[in-house]
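Worksheet for the structure shown next.
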């Protein structure tokens, strides 16, 4: 049986006291109730932003915290945020954050009587929850039995079916023989979705359109599932071609009470991973909201659930029906959007329920106030298919947090995003009285979220938030695929429209750089402070001084231009700068610059004043210049001479061989681990034939031959780490001798 989605505008519920609730949620002052009971000291068995998030609430409740860390995270923000910290082991997760016995031992050594698992890692491990219980520790989460029942997606489907929760047609059995799975897929009918029975986050999911691709997809999904969750069993379901992903936040206590805190729409995804979530879901009726909430509560009650959980549904936009997909037995990454619309701290609820307290609200008392968005900011290379990226945060300036804007992060400027863990840098969460108001706030906050040093998806998120279909709430899980050309700004019209802003950005950057040099590089000459412009050629101590500058544009969303922007900057005696393009393609501009710090400037162009931020760093034999002006962010490069190249030493760069690779060379698409080498050096290959499999941040990537020929220089072996853009092998037309 399925429930139907009615696509009608939502009547916005308005409740008083929203500002007070949000202020309480974000406050760092101590709670009037305190944190007694079983949870008197908590170890957070996680890292990054979620560890910092849990510690913030614990601190507000007066509860001391213990962090755990790998060698890669020795100086991480979550370690510094805790009262105590314990080393777990080397960087690989299986030797650190997935080492259950080491984590329990850390809790016992430090006297922490409770463990909060966060999300990911061991958060959905029934064995870990059971181990905590056996050692007399409070696991801040659901009972092990519920984790086990719902963690096995095949078992959970059977339980949900018995409870009357609607299910997608599919195979959920224990038998994993590949021929049986193939037979079941044929019965279901293509396209089918292959999904691991354990874990989440899109890891190991494969959409298979044709029977001939099924076996390879199963093998790849099994490898990725094993690497991510330690279990490689799969289920096969009918693939809904035009789905929405809507999930319901539920909460239960140890006294049998279960409520829902409304739904979230998580349809905007790439690689089956969410990147923008919102609450409540747009364009649904109150009747649908009630029905899907009731189904989620029924699902939780069927397994005796307590603590925070999320019941995920797939909604068929063609038929209007929704189906149970899975239940996440933990706090979700996107829980802040729910916190914003109900005005409650869900981590505090988890702690109080672990203490044996009742739910603080009944279903009728849960408010629905306004609208909230969350945008996940990742280190990733968008033009390369959203592959994860690594590097140093040379400049990191999130938007300031307020009562209606939250930034959840686990990094600071100078930190390194490594290949070992998820590449998420931060979560930007905004709230408004309506969806439109919240969306305006999201767009503005994204345009002011400053990161430089490695590729990110901030520009892509801006394109998403500004797309007309998204503004109308017309979302499904194929949104990014459908509007790819719009979002990646690859059309001629889009590139033409951005050129003016890019040129203006270069002009402003040139003027600000000159101002910075003028102010900070003064020398003493005859007891007078004069700019280095006057002390060093080619500038003269005359009425005017001129400087030539070149900028090579690096577009975040691809379509990089090989053309150089050549600018001439003339310093005038009145302190202004006249900047013009060397080719005279556009009229010159008079720019007045006031310095407001190392990175911040106020510029005046023809009477129009605006704030500008610049970031500088050197990497890969280039000076990198980032500028933020208005809603725009641009990245320019300037090539350095060899003696001027203080490359970033914290992150190894590609070798000189990779920078000057011959025709047919295949470069590593990301920094990562070689999982499997499928061919031998010298082997004959066809265009598109898989040669090796790489893995980074738990995501698998198949490296294929770019053309037909013979493999040469294939030296990588399974287990070897390679750097981004390093040469993996070359495909040559003729067989090597």
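Glycine residues also receive a Cβ, built from the backbone N, Cα and C atoms like all the rest.
Note that the structure is predicted; figures quoted are calculated from it, not measured.
For 312, 326, the entry in Swiss-Prot reads Mn(2+) 1 binding site. Taken from Swiss-Prot, the feature Mn(2+) 2 binding site applies to 326, 328. Per Swiss-Prot, the feature compositional bias 'Low complexity' maps to 647-657. Marked as region 'Disordered' by Swiss-Prot: 636-665. Per Swiss-Prot, transit peptide is recorded for 1-33.
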Rounded distance in angstrom between the Cα atoms of residue 328 (Mn(2+) 2 binding site) and residue 312 (Mn(2+) 1 binding site): 8
Residue among the binding-site residues 312, 326 whose Cβ has the most other Cβ atoms within 10 Å: 326
Surrounding CB atoms that lie within 10 Å of the CB of residue 328 (Mn(2+) 2 binding site), all protein chains: 22
